[in-house]
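The domain 'Thioredoxin' annotation in Swiss-Prot covers 50-187. According to Swiss-Prot, the feature transmembrane segment maps to 5-25.
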């Protein structure tokens, strides 16, 4: 009799524990969705690396295909460069790749994808997402010098290697904001939104976009 009661109580306790665990997972998921929906409309600076207005450090590296490239200066003379820090296992980076290509083509900007990880991961990434004019560089050093802690993260350089804008890029609006802030005469999204003349226009434009 006593053993039966103990077994029943244990079953009830485990049932309550599993129900509580399922409830907590649901709450965590909802918090994540809320955080995503409330994310800033533009690329936000979260690193402590080289500042906007400074010239980028120079890195003599090779692309994943073994071609030498000078990261930190223009790839094509007279054209700006977008350094996009990514990861082979980053789903947002994979989703953002065609958007980066589209925006870069409109802005006539060269793209350098900078990543880290194992050779096998990069081979699989490039197999699933073939390059289309971008350079692909595997270098932990560049990310460390820029102190990038989250990806995808973009750094826009002018033709002389000066940092024009930078920030976390999770959406098309984030990528576009790197260029938009410069056109409006601001170095960062934060300064752009502080401007009483440009902030309302920026918010109106992003509100009218269809996602």
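Keep in mind that glycine also has a Cβ here, set from the backbone N, Cα and C atoms.
Helix, strand and coil content of the domain 'Thioredoxin' (50-187), in residues and according to DSSP, is 46 helix, 38 strand, 54 coil.
Predicted-model confidence for the domain 'Thioredoxin' (50-187) is 94, expressed as mean pLDDT.
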